[in-house]
Amino acid sequence: MSARGPAIGIDLGTTYSCVGVFQHGKVEIIANDQGNRTTPSYVAFTDTERLIGDAAKNQVAMNPTNTIFDAKRLIGRKFEDATVQSDMKHWPFRVVSEGGKPKVQVEYKGEMKTFFPEEISSMVLTKMKEIAEAYLGGKVQSAVITVPAYFNDSQRQATKDAGTITGLNVLRIINEPTAAAIAYGLDKKGCAGGEKNVLIFDLGGGTFDVSILTIEDGIFEVKSTAGDTHLGGEDFDNRMVSHLAEEFKRKHKKDIGPNKRAVRRLRTACERAKRTLSSSTQASIEIDSLYEGVDFYTSITRARFEELNADLFRGTLEPVEKALRDAKLDKGQIQEIVLVGGSTRIPKIQKLLQDFFNGKELNKSINPDEAVAYGAAVQAAILIGDKSENVQDLLLLDVTPLSLGIETAGGVMTPLIKRNTTIPTKQTQTFTTYSDNQSSVLVQVYEGERAMTKDNNLLGKFDLTGIPPAPRGVPQIEVTFDIDANGILNVTAADKSTGKENKITITNDKGRLSKDDIDRMVQEAERYKSEDEANRDRVAAKNAVESYTYNIKQTVEDEKLRGKISEQDKNKILDKCQEVINWLDRNQMAEKDEYEHKQKELERVCNPIISKLYQGGPGGGGSSGGPTIEEVD
């Protein structure tokens, strides 16, 4: 289903996102307008505009309550979710509940607004799409978007919805470690040797995944996956922030906790110090006037940073052990350990991992920040039918991260699809009634590994009615679970005797956005986009009239023009320029056409005088009399 134009791969990260495109037989990771190959997953709302990416992150200290980040830690979760509740303690912005779903609350253009996490993520995706469009010089319609391997069904659905709101045709949702494995596998293409067991250790800003794959002749088969959808670089920052806030309190008897701006400035300094500590053993922190005029100058050693995070760092090995157990592999059977995600640059994490694998060298051949987007771009090319030899013989076999099943008598979880089953997949099992003359059955679908459904996660439920009266155990009800390549589930139940069936696509019951919601958000996204564009045009018009005014002013004040222009004409221009400058000071928020009108007004006064000046100027060359002024459109 090749859409028009190339398809892109987007790594939608917790803290940073990255976009790539596969063309001319290779992947390009695309830099944004600031020249950065990763873009902060930040959206800020101000009195006048909406900012996304670097611009949003750069102003966060001035505007902490209206700058949203970490949408990925909210997406597809319930407001009551314990992790959401604990995260809210760290966030400077407000999270409120609407129908059990979390929404962020901000003040935008003087009004209170609330947004679902899908909407915030769609704004980040829009930015990534625009970055790609600027580079490719055309519209982009299709994309592959990545998610942590351990994301559950509702988190995947919500991510797909975010893509839809952006106006993208989401070709597929793929797992981040799988995408990284493609990047690694392509990188290693042509190396000798048959099947390889590869462990991908992916520790990013907010999530942690471990996946074990076998790669053989372009076939990538995921054997197992484990992880923590809630562990990453930000958690390491949090530990340092708490530690230094305590130190500040001890030294200066002041608690910065309630002051969001101070906490934010400290966090930014901590993030920078953490990066420094990956290459140096000590980092200094210098923040002028952190709180109530008190400067905060201190330093932190690598050893101290490691001690603050010792339990978190050590904890990264548990999912590694679990993934090995699930793949039925011994650690000696892993041929390659591939590091992905910025947090894998931390020396202590590398050392723990290397020691766990008895000193085996870690593979650092792929850029940890870009590998996921790289793999997603390759997968996008495959899905729209790219025929270049590098990708045509790649096959990606992914797995479902959690077991899926239904509740049977006594609240027992009966799995139909075991975790780590390769997808797409379809499984059917026959069930029967529990009591005599039972005319309907309730099919309740769960995901999880526990024996009782109450400990697992309810995905959805439906009734199959109209079962003819019969003794218990006689009716035969066939339940089919069908998972597509995106990991999205359809469940069907059919009564064999009557052929009656009912089915559910696991979506809405898990707090997924309805079609109407998505359509509304698509329109709103368009509206915000056009507002952003209108604002850009407005600012451009303002800058144009401003630079025109100052240029004219400089031209007539130029010493070289003395004697070529009458004092009367000169004063006429200068008075008009001053009038426009005063008007600009008072009207910073005027409309585009008002600025254009002001510029034309000024031109009407200046043009006759300036043209007279250049015609009448000596030598008739005209251009020697100072800068010529072009109208800025």
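Glycine is treated like the rest: Cβ placed from N, Cα and C.
The region 'Nucleotide-binding domain (NBD)' annotation in Swiss-Prot covers 2-389.
In three-state terms derived from DSSP, Arg272 (ATP binding site) belongs to a helical segment. As annotated by Swiss-Prot, ATP binding site applies to 13-16, Lys72, 205-207, 271-278, 342-345.
The annotation region 'Substrate-binding domain (SBD)' is assigned in Swiss-Prot to 397-512.
The phosphoserine annotation in Swiss-Prot covers Ser403, and the record cites similarity to another entry as its basis. Residues within less than 8 Å, Cβ to Cβ, of Ser403 (phosphoserine) and separated from it by at least 6 positions along the same chain comprise Met413, Pro415, Ile417, Lys418, Arg419, Glu447, Gly448, Glu449. Ser403 (phosphoserine) falls within neither a helix nor a strand when secondary structure is assigned with DSSP, and so counts as coil.
Within the same chain, residues at least six positions away from Thr408 (phosphothreonine) with a Cβ under 8 Å of its Cβ are Thr414, Phe431. According to DSSP, Thr408 (phosphothreonine) is assigned to a strand segment. Annotation source Swiss-Prot lists phosphothreonine at Thr408 (among others).
Cβ neighbour count for Thr414 (phosphothreonine): 14 (other Cβ atoms within 10 Å of its Cβ, all protein chains included). Residues or ranges marked as phosphothreonine by Swiss-Prot: Thr414 (among others).
Reduced to three states, the DSSP call for Lys564 (N6,N6,N6-trimethyllysine) is coil. The N6,N6,N6-trimethyllysine annotation in Swiss-Prot covers Lys564 and rests on similarity to another entry.
Summarising the annotation, Swiss-Prot assigns region 'Disordered' to 613-633.
Feature annotation from Swiss-Prot assigns compositional bias 'Gly residues' to 616-625.
When the alpha carbons of Tyr16 (ATP binding site) and Lys564 (N6,N6,N6-trimethyllysine) are compared, the span between them is 58 angstrom.
With a 10 A radius on its CB, Lys564 (N6,N6,N6-trimethyllysine) counts 18 other CB atoms from all the protein chains. Between the binding-site residues Ser278, Thr344, Thr344 has the most other Cβ atoms inside 10 Å of its own Cβ, all protein chains included.
Counting every protein chain shown, the number of other Cβ atoms lying within 10 Å of the Cβ of Gly13 (ATP binding site) is 27. Its Cβ taken as reference, Arg275 (ATP binding site) is surrounded by 15 other Cβ atoms within 10 Å in the chains shown. When DSSP labels each residue, the region 'Substrate-binding domain (SBD)' (397-512) comes out as 6 helix, 58 strand, 52 coil, counted as helix, strand and coil in that order. Of all Cβ atoms in the shown protein chains, 23 besides its own fall within 10 Å of the Cβ of Tyr16 (ATP binding site).
Ser278 (ATP binding site) falls within neither a helix nor a strand when secondary structure is assigned with DSSP, and so counts as coil.
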